[in-house]
Amino acid sequence: MHTTFSITRVTSNTCSSASSSSSSATIMTSTSTLTTATTLLTSVAAFLLLSVAINCHIVITEAMPGSSLGVHVVRSPESAVAPKGDEVVFECELNLSPERLKWKFRHSSKRAIDGSNFHYLSVEEGYNVTNEDRTSKLRVFVQLETLGDYQCVAWFGSAAIASTSASLTLVSITIDNSNGYSRNAIRWNVAPKNCALIRCGIVTSNPTAIWNFYRNGEKIQQTDSVPTSGALILNTVTSKDSGNYTCSARNPITGQEVKLPQRIDLRVDYSDRTPPYFLAQPPKQVTARPGDTVVLECPGVGSPPPGAVWSSPNVVNMNNNRTHMLPYGLQINNVLTEDQGSYVCRLDNGIAPALVHIIKFTVLEKPKILRGPARTSANESETLELECSATGNPYPDIYWLINGVDTSEDKEMLHDGRRLVIQHVQKRHAGIVQCFAKNEVGEISEANRLNVNPKQIHGGSTAGGNVPLRLPYEHGGGKNKGKKKHRTATMIPPSRPNVTRLSDDSVMLRWFIPKNDGLPIQFFKVQYRMLGGGSHKLPRENWQTTNDDIPFGKRNRNLDSLKNFTTSVTGLKPDRYYKFRIIAVYSNDDNREGNTSAKFFLQRGDALGLSKSNLPVPILNRVESVSSSAIMLHWSLPIAMTGQSEVDGFYAYYRPTSSAGEYLKATVDGMDTRKFKIDMLESGTAYEFKLQSFNELAASEFSSIIQGKTKKSLSTITPINEALDPSSKASDVENSVYPLVAGAAGGGILLLIVSVTACLCVKKRKNSQTEDQNKPQLDHMQADFVTPQVLSVSSHHKNGSSGSRLNGVLPRMNITPNPLAQEADKL
């Protein structure tokens, strides 16, 4: 097995080339120049961070178009380093105006790798928060109690999205004694013409310190030496460079300066021939970020001065225009990820042994989410598992937030990094789920929505049916006979409507009525209210009521499940906030409103980057007549769905073919559903059907229209005349002959016949009355088929209460809640 090395020889031993390469670094001695440069660097850094954030968002959106929420954080707060007593401003901006925006804080003593230990800040506690449309600013007075992490959270209804966090750190500078630097003087003997690299020690400074070097107590001027990374480089040393060297480091913000105790006594003198060696052991591990400039130090000396040969066992293209050989190391400009690896420096001056130094170079990378959480719908109480994969160097820590709350604070959550398991999904989990990836270089997040289908809770039913009546009184037996019994029926309100965008000026509303024993509902009305614009302030409007009455439809004998309703609202204006609610009108002409919907922003389709063409158009294959009141729809989706958005469900439209009125609508939830039964249709009637697919942002084009007809009803009652036996007519004819035969028998027995006939007539008249009473009349037969259970009427009626019936049948009463409708009917 052979290993290939990339080898480059140094053609010069002198340090003359180092002067031009490193002359760009200077020591800033002027306060005004330092302030200007710091401000410029901060502005450039902020611009680069914002550009990277925007680019990352664009990449994620293009890579996963189906996961776009339509809302995202445009600018997250940026970390800051400030002196005590200063004021720092954190800023957060979203692409849409949230209903409310708050800030969270976690003290530096409680810092963790996840999103735990945060608490919300309030204006009442003295925090200065300014919210303007889509932007929020937090002003913080720097002190020990305010050091830590800050994060903004924005709410859109009950869903919330959080920004990445920013840290506030106090300006500081301290000496790091972990590397064994001592207060004693160290003596170095160096032959002339070598390059010497002097380092007095290491300091921990925030931000990076500025170094100053002294020889025999006098500060070395910039023209004589250039400090890099806390090291002084002496080019082609001579006897003039001999002396005692000391160092100091200064914080560029506070100006605080610390003097390192290490002293180095450098002696430059001719010596015997010696192999290469290091004055001080150079670092074996070096880290840098992409775009940085780094020097892999290999400052060997000897007599004569040695030359260096660089190679790498795992860096393929080490020779490029970004790599430069220096007498004291290898400089890499504009570091890239592929520069990471092991580098071998071999120093040789012709005198054995040669000196070999291996450096492990690591390129730090910001986290990048490879696959974020998928858009998910889950049923309440079920177990749900979500995944999020990320990369970065070092490998990032992954944590999860649901509606701005860290999942580690929820007992229902289990997570082991990339996997999040919700053991029992609850309604409070519905909203926005976010995956965060964080390491020492940076932090990134990706979000998607989590829909929770609530568990259906069905109430009990009464013995007399599902529709209790409001009865003024009932007659009962015993002591309570004739006394009034009051019974008040309840009005079950509609649910909160679910709002889905249809177009730039219309939305679709979906709501349901749960199983109940309340008053029957005649129809619904829809109300909406405009709350203002997104980018400009508009006054709120009053509640508006739509003109259409949404019929309840036929009521089942046993309403054993919830009943869904769907309608569209048109004539709206884009780029505005709306709220919607449903009003139910009951059989007693009273009404009750349901809960108001969440605040809904009707955004333009071009702003969303979505259109109807992005959603697959359902293919309505066939309609199947199931019964006299139900038809089953069967459909499919196009096979090629590349580049198309995922759907949440389908809208089914239907109406009788003989009608030119509005379509009735039904909602079919679930993108994998391929058939749906529409019931409560008229018997033997032809209908036309069409479909739409939809998601939370838009709806597709309509499918082709297909007609279908319900089966004819088999419960037709046979007319009474046809039900009579034909033999009875022959019997009547036969009976009519007997009086003639009796008359022809002779007048002798006429008196007897007359008397017998008179008796028979009296008897026959009595029998005829009895037959009339027993004959099955039409009204009574209808009453037998229309039982109290069919009419949904309680069987509490006694025989004494028959005054409320007509021939045993309840009277039909039509109540028009709108008086103007009666006049319209007359016209």
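Using N, Cα and C of the backbone, Cβ positions are placed for all residues, glycine too.
The compositional bias 'Basic residues' annotation in TrEMBL covers 478-488.
Per TrEMBL, the feature compositional bias 'Polar residues' maps to 792-805.
As annotated by TrEMBL, domain 'Ig-like' applies to 65-169 (among others). Taken together, the residues of the domain 'Ig-like' (65-169) have an average pLDDT of 89.
Taken from TrEMBL, the feature domain 'Ig-like' applies to 198-265 (among others).
Look at TrEMBL and you will find 276-350 (among others) tagged as domain 'Ig-like'. Per DSSP, the secondary structure of the domain 'Ig-like' (276-350) breaks down as 3 helix, 36 strand, 36 coil.
The domain 'Ig-like' annotation in TrEMBL covers 367-451 (among others).
Taken from TrEMBL, the feature domain 'Fibronectin type-III' applies to 493-607 (among others).
According to TrEMBL, the feature domain 'Fibronectin type-III' maps to 615-713 (among others).
Look at TrEMBL and you will find 476-498 (among others) tagged as region 'Disordered'.
TrEMBL lists 792-827 (among others) with the feature region 'Disordered'.
Per TrEMBL, transmembrane segment is recorded for 737-762.
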Message: For the domain 'Ig-like' (276-350), I need the partner stretch with the highest count of C-beta pairs below 8 angstroms, choosing only from 65-169, 198-265, 367-451, 493-607, 615-713.
response: 198-265
- prompt: Out of 65-169, 198-265, 367-451, which stretch touches the domain 'Fibronectin type-III' (493-607) the most, going by CB pairs under 8 Å?
  reply: 65-169
